[in-house]
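As structure tokens, the structure follows; a few thoughts come after it.
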């Protein structure tokens, strides 16, 4: 009797469990997902915790593009458009089933961040050490340079918002649903169906150029700061750059950024302290400020370079889709963008103006080089340490994009996989990484001009990723729902951004060619 009752209870429990599982599976199916089987559930335990911590620390999920799959209709899906398929078709099976389960679990179990934490990430991106070049932009632009600092903040804030708007589409009930994950997904959607992967290629190339140029700038600024900190030593700026690069060679062996990312907060705090020290010194000389030097004139030849410098200091659009997707309350994204860019605009404007008023026409490309020798060495050493600790972040990101695009595309790979069994990097893959480090050194040696390189990068990739592409994508994907003033803003930003980009690129290239000829003759 007891056995019979036990069996009935067991059957009833099984029935209830099956019904509950069926309801849950049906609910997930309607949402576009499929419930995991027991075999798939085992794959969740195989996730790489180090890789997850790296992604959470540096917020670079955007650099991971998905494999190209085939939908239920037999048509190829755009690269990266796999997480939010409304017809229930998920991503194609990867080479390792556990890897696919790891990616899905990471997206579901990743801790969400608050609006304040998201704002801190944006602040880190737009208040970095490249702010040190803004006073040099005021030198060649005067009050118009200050206006551009404000204008760039307004435009970058707006384009960041419309870029996030491109991630969403309305469902049948009129509710906004996130159907895309990253900048690459948006670009691919705009080029579909004729060229489903062209947009992603363009964004990845621009992204790769900006990351490599950022690495070059870190080497340039390290050599420049050390040379100006110890001018009496018989060591040239090129020699200091070589020594800095020697310290950066271990970056080629990086497998993840778990260890390096721990220094990010410390570096950021150190940079804020340095900015405060510079401003404090400038305020101590307020009686000698040269207000008459700030005029409504521009250096026609060098001002376009200043535009690139200002734009480059605001670049954050690359990681905004990933950041918004990790927020606890995505509705607070617009408010977060407003106060971060308002704060950045005020701080950058004040820093650039106060520093220029202090040194006027003697303002140098890196403002700390204007400090007295008694404190310049200490401040510059801290800045060099920050630059060297910051170098691995864009370097590793560039390596990831390059390896993903060239070596890890399955049958579509241009070259064989650079990783062997167990994820070990092959010797020739390591050689390519070392070659990338050496390339950044060679660029820093032959073109050791911080402002020119920064202006070139801002004009080429900064304007494209922050001005041109967001406005173009917004018009392409949402033009039927846009109000007339949104259309006007998008067209105006695209035209103005294009003019500034072309002008800045031409003048920066002219300056770089002249600098290269001078270095060769020297």
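Backbone N, Cα and C atoms are what each Cβ position is placed from, and that goes for glycine too.
The region 'Disordered' annotation in TrEMBL covers 74-100. What TrEMBL lists as domain 'Amino acid transporter transmembrane' is 112-509. TrEMBL lists 144-168, 201-220, 240-257, 264-283, 303-323, 335-357, 377-402, 430-447, 453-475, 487-506 with the feature transmembrane segment.
With a cut-off of 8 Å between Cβ atoms, the residues of this chain six or more beyond the transmembrane segment (303-323) that come close are 59-62, 113, 118, 121-122, 125-126, 128, 130-131, 133-134, 136-138, 140-141, 144-145, 148-149, 152-153, 156, 159-160, 163-164, 167, 180-183, 185-186, 207, 210, 341, 344, 348, 451-452, 454-463, 465-467, 470, 500, 503-508, 511. The stretch in closest packing with the transmembrane segment (377-402), judged by the count of Cβ pairs under 8 Å and taken from 144-168, 240-257, 453-475, 487-506, is 240-257.
Residues 63, 65, 130, 183-184, 187, 241, 244-245, 248, 315, 318, 387-388, 390-391, 394-395, 397-398, 401-402, 405, 436, 439-441, 443-444, 447-450, 453-454, 456-457, 460-462, 464-465, 469 of the same chain sit 6 or more residues outside the transmembrane segment (201-220) yet have a Cβ under 8 Å from a Cβ within it.
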